[in-house]
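Shown next, in structure tokens, is the structure this report addresses.
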Amino acid sequence: MSTDLLPPTLQNILDQTSLKWIFCGGKGGVGKTTTSCSLAIQLAKCRKSVLLISTDPAHNLSDAFGQKFSKDATKVNGFDNLFAMEIDPTSAIQEMVEQCMLADSNGMMGSMMQDLAFAIPGVDEAMSFAEIMKHVHVKSMEYSVIVFDTAPTGHTLRFLSFPTVLEKALGKLSSLGSRFGPMISQMSSMMGGEAGSQEDMFAKLESMRGVITEVNTQFKDPEKTTFVCVCISEFLSLYETERLVQELTAYEIDTHNIVVNQLLFPKKSSNCEHCSVRQKMQQKYLAEAHELYDEFFHIIQLPLLTEEVRGPEKLNEFSKMLVEPYVTPE
């Protein structure tokens, strides 16, 4: 193990003032929401304004802060410069389908769209991304930094790869539009559609591609974007973290922080056999994590607490452990 380890805190994120997008992700149930809320609270202490977005369909932000959030940014109680919003992909899909039904006089297109929309693999991530796109220009100008509380690993990876996939797809569509546009327009007018609607559609696609290209560039810029991996000290979680790190590297998305949550630190005088057995197991996987990541990662160790971290006060208290290493009680 290297002697000059990187500091075991997330202070490096607070110090990097150029960061615009911060993602927190990992396996389900490892404390992603608590970590993202706590990080957002710490950022609010040193940045002008912070927006916390949940892209997890389970939406735990409302539970964590004990306050109802919606798809519109809402100020978090007890803070002047911290805002939160929860993106719901399912309702966004439903909205899109309803718009199609309104535009379609005989209703056939709408019902077909409904069947299609909910059957497409990855549609949740696509709609989450589309919802963020709606806010991206306005919000990124309004807020100095945006923190994402993401869905469990698989969803997150598809979500982060979506800009690249979409950029390529829209590029192909645009080239098809220039080749087949007149024919599509003719067919559309024969079927009762407006002749100009195809040109409008391709113009919209082209402008959307511009926005997506910009976001894609920002996501791949380590000065603008970073990903905080959250895990617990168990085999499956560590395995998933390694997979996440590999995938993020393949997508060229920066990651250099790992939060290891729910660690047991039993007192020496404790005679709890279960605690000591679990602690030995945790220490084994923690040693593996250090072996894998010490050279390039800040590894933050957080304890398993006796009570839930809920409400602004408890989250604020917990957030201090992200910037000051946890000291085990004697």
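The backbone N, Cα and C atoms fix where each Cβ goes, and this holds for glycine too.
Cβ neighbours within 10 Å of Glu234 (ATP binding site), excluding its own Cβ and spanning all shown chains: 17. Under the heading ATP binding site, Swiss-Prot lists Lys27, Gly28, Gly29, Val30, Gly31, Lys32, Thr33, Thr34, Glu234, Asn261.
Positions annotated as active site by Swiss-Prot, on the basis of sequence analysis: Asp56.
Under the DSSP three-state reduction, Cys275 (Zn(2+) binding site) is assigned to helix. For Cys275 (Zn(2+) binding site), applying a Cβ distance below 8 Å and a minimum sequence separation of six or more within one chain yields Leu264, Pro266. The annotation Zn(2+) binding site is assigned in Swiss-Prot to Cys272, Cys275.
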Cβ neighbour count (within 10 Å, all chains shown) around Gly31 (ATP binding site): 21
Per DSSP, three-state class assigned to Thr33 (ATP binding site): helix
Extent of the ATP binding site in Å [max Cα distance among Lys27, Gly28, Gly29, Val30, Gly31, Lys32, Thr33, Thr34, Glu234, Asn261]: 19
Cys272 (Zn(2+) binding site) CB neighbourhood, other CB atoms within 10 A: 12
Rounded inter-Cα distance in Å - Gly29 (ATP binding site), Asp56 (active site): 12
